[in-house]
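Since the structure comes first, as C-alpha cells, the remarks are kept for the end.
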Amino acid sequence: MIQVTNVSKVYGGKKVVDNVSVTIPKGQITSFIGPNGAGKSTLLSMISRLTGKDSGQIMVDGKEVSQWKSGDLAKKVSILKQSNHISLRLTVRELVSFGRFPYSQGRLTAEDEKYVDEAIAYMELQDMQHKYLHQLSGGQTQRAYIAMVIAQNTEYILLDEPLNNLDMKHSVQIMKILRKLVTDLNKTIVIVIHDINFASFYSDYIVALKDGAIESEGRTEHIIQSNVLRGIYDMDIEIEEINDNRVCVYYA
Amino acid sequence: MTYRAKIGLLAAVAIILVAAFLFIDLGGSWDYAFPRRIKKVLAIILTGGAIALSTTVFQTVTNNRILTPSVMGLDSLYILIQTTVIFVFGSFTLYKLGSNANFLINVGAMILFAGVLYRLLFRREGNNIYFLLLIGMIFGTLFSSMSSFMEVLIDPNEFQYVADKMFASFNNVKTDLLIMASIVVAVTLLYFARFTKYLNVLALGREQAINLGVNYDYVVKRLLIVVAVLISVATALVGPITFLGLLVVNVAYEFMKTYRHSYLISASILISVIALVGGQLIVERVFTFSTTLSVIINFIGGVYFIYLLLKESKA
C-alpha cells in the first residue's frame, strides 16, 4: 500500500505540495487530476523518489520511501515521466530489456528474456521490436516505454501523463492496456491525467489537487459531479450519462 | 560486422601502429632508442586510455555527446599551477622540485579542486549537473586569465618554460612518473569496475536510472571522482590533452553504433591509442619534431567538432 502523510514540497519559497495526505487503494487505477500547477506531477515524483520531499512521510508497503534500498524499490514501484527523449541508438527490444535491470543488473537470464517477450507481446510491439526508437512515432515510442515498465514487473506503476501527445486511438489503446494490467495482473496504477473524461471512463479512484492541496478525493462517480468539478476547475461542467459512463462536457 | 569483429579490427590497427612506432628506423639501437620508445608508448597508452575512458563516462553521466571533462577547468588549473610556480619561484625551482613532486602537486591540486566543485554540486538537492559545468567553466576562464596575466609579466626566458608546459608532449616522460601514474590509474580502475554495470542505465537519463534502481547521486558522484582522477593524472603526466577525448569518443560512437559501454569504452580506448601513436608517428617522421602532438590532435579534433555541429544542426 502507498500511504502519503502530511507531505510538503517547497520550490523557491512557494509551496507546490502543501501538507498532502492520501492513501492509494490497491489493485485499482487512481487518477490524479487538477489544473496546471496543482502539484500532481510533483506528488507523483515524490512517491517514486525522483524528487525529495521537504516534510512528511511516504510509506510503500509499510516502509518509508527514503528507507528503501533504491534497487529493491525498483522491483516494487516503477515510474514513467512524460518527456522521454533519449539520443541513444536503442531498439525497442533493448529498451524493454532495460526494465529487467533491477533483477539482473544488465545480464539478462532466460527468465528475463521471457518477461521481455511477454511485455512486448502485451503492448503488441512484436513487429517493430528490432526497430530503433528514433524510427518510431510518438505513440509507438510511448508504447515501448510502457512495455519497459511492464517488463519491470512492479506491483505499483506510476505514470505521468501517459496520454501526452497521443491521438484518440492510441490514448484509448493505452488506457485499455492499463485496465487490463489491473484486472489480469492485479497491478496498482497511479496516473496523472488532464483529460477528465479518460479519468472518468477508466479510473476507479480520483484524487483532485488544486494549489498543492487535495481539493477532493473519492470513487470516480463521487468526483465526476458538476458541483465537485466546479470546486476543482472553477468552471461549470455538465455531466451526461452515456451507457453508464459519465461524460463531462466542458467545451462551452 | 559484429561488435567483436570491430573491436578486433581496432586492436589490430593499434598493434600495427605501435609496432611501426617501436621498430621503424630502430637501426639496431636496442639499448638506447628501444627502451625510450617503449616508455613513450606506455605513456601514450596510459594517457590515451585514461582520457578515452573518462570522457566516455563523463558524456554518459552528463547525457551530452559534445562535452569533455575539460569544461570542468582542470586543464586551465594545471597551466595556472605551472605558471604560478615559475612566476613566483622561477623556472629553476620547478627544475629543482623534481618531476615527482611537481606531478604530485598537480594531481593533488586538480583532485582537490574537483572535490570542492562536487561538494558545491551535491550539497543540496536540485543542483543539476549543468550547474557544475557552468561553475567549472567560470573557474576555467578565471584560471586562464590569471595564467595569461602572469605570462605577460614574466621574463621572456622564463615564459619558454611555461609555453613548454602548455602543450601535451610525450617526448620526455620520466620513468618514475610513469610508474606512479600507472599505479594511480590501476587503483582508480579497480574502484571504477564496481560501477561499470550502471553506465548503460545512466545513459537513459536521471529519471530512468532512478526508476531502474540506481542510487543515482551516489553512483554519479563516484563516477565523477573517477573522471577527475583520470584526467588529473593524464594531464599532469603529459600536459593538457583532454580535447582528444571528444574526438575519440565520438568516433567510437560512430564506429560502434551501439549504446553498450563495454564495447564503447574498449573502442574509444583503442581509437585513442591509434590517434596518439599515429599522431606521434606523424610528428616524428613527417614533421621531424617541428610541431607537437597536441597541435595535430587539436587540429583534427577541431575539424571534427565543426563537422559534428554541422551534422547535428541538419538532423
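Indices start at 1 and increase along the chain as displayed.
Just so it is clear, glycine is given a Cβ too, placed from its N, Cα and C backbone atoms.
Positions annotated as transmembrane segment by TrEMBL: B:6-29, B:41-61, B:76-95, B:102-122, B:128-154, B:175-193, B:223-251, B:263-283, B:289-310.
Touching of the transmembrane segment (B:223-251) and the transmembrane segment (B:128-154) is ruled out by the presence of fewer than three CB pairs under 8 A, sequence neighbours closer than 6 excluded. Put simply, of B:41-61, B:175-193, B:263-283, the stretch with the most CB pairs closer than 8 A to the transmembrane segment (B:102-122) is B:175-193. Cβ atoms under 8 Å from those of the transmembrane segment (B:41-61) belong to residues 18, 21-22, 67-69, 129, 168, 170, 173, 178, 181-182, 185, 192, 199, 202-203, 220, 223-224, 226-227, 230-231, 233-234, 237-238, 241-242, 244-246, 248-249, 252, 261, 264-265, 268-269, 271-273, 275-277, 280 of the same chain, restricted to positions at least 6 beyond its ends.
For the transmembrane segment (B:76-95), same-chain residues at least 6 beyond its ends with a Cβ under 8 Å from one of its own Cβ atoms are 102, 105-106, 109-110, 113, 139-141, 143-144, 146-147, 150-151, 153-154, 157-158, 161-162, 165-166, 235-236, 239-240. If one looks beyond the transmembrane segment (B:289-310) by at least 6 residues along the same chain, the residues whose Cβ comes under 8 Å of a Cβ in the stretch are 66, 167-171, 239-241, 243-244, 246-247, 250-251, 275-276, 279-280, 282-283. Same-chain residues lying 6+ beyond the ends of the transmembrane segment (B:263-283) with a Cβ under 8 Å from its Cβ atoms: 3, 6-7, 10-11, 13-14, 17-18, 20-21, 24, 40-41, 44-45, 47-49, 51-53, 55-56, 170, 244-245, 247-249, 251-253, 255-256, 289, 291-293, 296-297, 300.
Listed by sequence, the residues of this chain that lie at least six past the ends of the transmembrane segment (B:6-29) yet keep a Cβ under 8 A from its Cβ atoms are 37-38, 40-41, 255-256, 263, 266-267, 270-271, 273-274, 277-278, 280-281, 285.
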